[in-house]
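Down below is the structure, laid out as structure tokens.
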Amino acid sequence: MAKGFYISKTLGILGILLGVAAVCTIIALSVVYAQEKNRNAENSAIAPTLPGSTSATTSTTNPAIDESKPWNQYRLPKTLIPDSYQVTLRPYLTPNEQGLYIFKGSSTVRFTCNETTNVIIIHSKKLNYTNKGNHRVALRALGDTPAPNIDTTELVERTEYLVVHLQGSLVKGHQYEMDSEFQGELADDLAGFYRSEYMEGGNKKVVATTQMQAADARKSFPCFDEPAMKASFNITLIHPNNLTALSNMLPKDSRTLQEDPSWNVTEFHPTPKMSTYLLAYIVSEFKYVEAVSPNRVQIRIWARPSAIDEGHGDYALQVTGPILNFFAQHYNTAYPLEKSDQIALPDFNAGAMENWGLVTYRESALVFDPQSSSISNKERVVTVIAHELAHQWFGNLVTVDWWNDLWLNEGFASYVEFLGADYAEPTWNLKDLIVLNDVYRVMAVDALASSHPLSSPANEVNTPAQISELFDSITYSKGASVLRMLSSFLTEDLFKKGLSSYLHTFQYSNTIYLDLWEHLQQAVDSQTAIKLPASVSTIMDRWILQMGFPVITVNTSTGEIYQEHFLLDPTSKPTRPSDFNYLWIVPIPYLKNGKEDHYWLETEKNQSAEFQTSSNEWLLLNINVTGYYQVNYDENNWRKIQNQLQTDLSVIPVINRAQIIHDSFNLASAGKLSITLPLSNTLFLASETEYMPWEAALSSLNYFKLMFDRSEVYGPMKRYLKKQVTPLFAYFKIKTNNWLDRPPTLMEQYNEINAISTACSSGLEECRDLVVGLYSQWMNNSDNNPIHPNLRSTVYCNAIAFGGEEEWNFAWEQFRKATLVNEADKLRSALACSNEVWILNRYLSYTLNPDYIRKQDATSTIVSIANNVVGQTLVWDFVRSNWKKLFEDYGGGSFSFANLIQGVTRRFSSEFELQQLEQFKEDNSATGFGSGTRALEQALEKTKANIKWVKENKDVVLKWFTENS
């Protein structure tokens, strides 16, 4: 699944006035899942009463829970192994007499008895069953031995089970089939089998669609809903004959429903063995564009009819074939299915979902309008497609055994998405962006004592809520970062060789991460060119099984080098011990005298002449930031690097110019450097035109903005930024022919946006005139938007910030009329830029009205308001006053409480705010915090670190900005 949530990586770039993601700020992934919610509210909720349901035997369990009973444990017993399912579903896309949208279904599951048992335990959630005889299900044996009679059945809501108690025992090695009929609500909760709605031609349209990951297939039909319980699925959909039915496989048969010719019955080919969370089925009136790949795979891009008619699916179609071919070559394994459908949904909580053969997306992650979409929208489409298609092999064909190794699925896809996207767009240099988008972003979280390892013991991950918490930036971005490091020190060829062997060995089955290490080790052992200081497992377990990362410190006078666990607050203690004592085996590529070399740090400290320099030499470690660690030097080497940057910055690789800024700011935040050193590392920016160093600087300085934009420090800081960005603004003014054209490369186009955003926010009058003039032209002729799509986010935001009610109301009207989701997203974010308190308060009230703001967008909109210094207090008051209602309304649906808590607390830096946060935790302990539980602990830790940092650095920072502005 793509990162959420969560927030598009590239959309974040366009919203710099509100703040580029701070390196020292906790950021959850954008793209978060519909399941990433607290399940307690769901577990206590009663399934909707639906017409035709019949009562059965006991429906609830005794409040006194006997944990020894298998149905009171969250993990399935190993007694039964599913073989296949026959599932028929009929969604009703108009409400019934009670005003509910429902679906009806029937299911037959065939399973083998693996251990003798007298109870059948299968997942079921919010389903009402129609009795078969006296019980919810019917059971029969395949073979001569009859099945035992059913004694009773019960629904255990806490563990989400349908439990069938038998009068006798199932026989080990024998097969059985169990039938059921059921009804469920086709709710708008973005989970399981749900409905999505949109307007077209003034009419409301309803789509029946799915989101099963991580634990919501059970909400659609009774199933063994764990990733290792792979089976073949035979799906049949009954649907109105004017609509199209899709599923993981191609249709096998389509016929008219005999009893009602206005309905069709579409039966699909059986799937290969696969996990329940990868199932998908959709009923809609969407249209498609199609192509056939060179490997004869049918490719279709589905979306709302108007979007397809206007060509908004063409770009996705253009890049899908090349990306599929790239991964087939990269994995040395053919694409496993005959077709690849990708569909853009109006309501979808995650960024996308890798359902096998039927990938679902948010509209903004799949549709692209060349006339209205920006270059960042285009980059988002190609990278998210690459992420999801990478999963078709790594995750779908071979699947982790349990969610504790989710990082292997998502981290791998988050790494190779850059490779696949780079293949589709070779001129964009996308592979470098992983440093900004993943490595540096996740280090902000992983530097906290409350972080967690990539892989957890399986017994620590049991409940749906615990599973949901794993869908975070550690899983995605740290996973990507350490796998990239592994590929780098092995070489890409060896990495691919081991990967191919792994996929061929475990196809259609499940693995743990150690299986990958074993196959990579086999690749290493098959050659002699690459020599490692230890086995792959010995090296990598230190990066997987302990949280955090090291800072590598080198003294260029003595050649001494040592490592230590980097913590943002060096006085804090890790929340869990490490078997490796927080030491790593560290690969260190370095640059000295213009030559690159490589070194392994295998112990806590060492000494080497390789790291000694003469008076006119400087040393640079972690070339191109392939390693997942930060680097510190003696002060003399730092000064040499600064002199080099201000003399001839081109000698230092672009990525390392960004690294110098990023690492030094983080080291200063942790008290390992004087804060003036990283500030001095930004002086060269007056001569810098490349995107990555500027982005690293703005991200780092955004932390200063968050800490000081309510204090006297902010004035001198703005003056310094204005001084530094003025040459960049002038550079792009010339390069773009006075803003009429766009720079030729992706990175330059991104830095043009940085130049305008920073110039406007720091008070450059020429920038203000530019954005106000462009926005006024649009207001005077709303049918003709003169603002280039690349610049719209920053122009909209700044014009609304400089303006008043009239500018805001115009943007709101355009947002309400927007038919392209990318344009709507830009406007929705910009509406939070107002400096009028009453306008922001009104906008805040809109966010919880689904008629104004879709549920999937509520969190990001509220966080956008909180990012605005004027709106931050409003949001905090709103959240505290309404937490219980927020939790009740969104706790089991689309609301990402982790994003919300992180977004509203990122400015907290006073004792008073810490007290408020602690009181908030105490006041709402009974209600709970859902997927925000870990985020709340991180917010408390971060607030304490902020308080300490501000006390220690405020006066020094004020003095430095005053002297240098």
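The backbone N, Cα and C atoms fix where each Cβ goes, glycine too.
Fair warning: this is a prediction, and the values are worked out from it, not measured in the lab.
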Which one, GLU363, GLU410, is listed by Swiss-Prot in the same Zn(2+) site as HIS387, HIS391? GLU410
Candidate recorded positions ASN624, CYS760, CYS767, pick with smallest Cα gap to ASN234 (N-linked glycosylation site): ASN624
To the nearest whole angstrom, state the Cα distance for the pair ASN128 (N-linked glycosylation site) and ASN264 (N-linked glycosylation site). 24
So, in DSSP terms, is ASN114 (N-linked glycosylation site) helix, strand, or coil? coil
In sequence order, what residues of the same chain, 6+ apart, have a Cβ less than 8 Å from the Cβ of ASN555 (N-linked glycosylation site)? ILE561, PHE611, TYR633, ASP634
Between the disulfide-bonded residues CYS760, CYS767, CYS797, CYS833, the one whose Cβ has the fewest other Cβ atoms within 10 Å is CYS767
I need the CA-to-CA distance for ASN780 (N-linked glycosylation site) versus CYS833 (disulfide bond), whole Å please. 21
Minimum Cα separation from ASN242 (N-linked glycosylation site), reported as the residue among recorded positions ASN264, ASN606, CYS760, CYS767, CYS833 that achieves it: ASN264
Around the Cβ of ASN114 (N-linked glycosylation site), other Cβ atoms found within 10 Å total 14
So what's the mean pLDDT when you look at the region 'Metalloprotease' (69-965)? 95
Round to a whole number and give the Cα-to-Cα distance in Å for the pair ASN624 (N-linked glycosylation site) and TYR852 (phosphotyrosine). 45
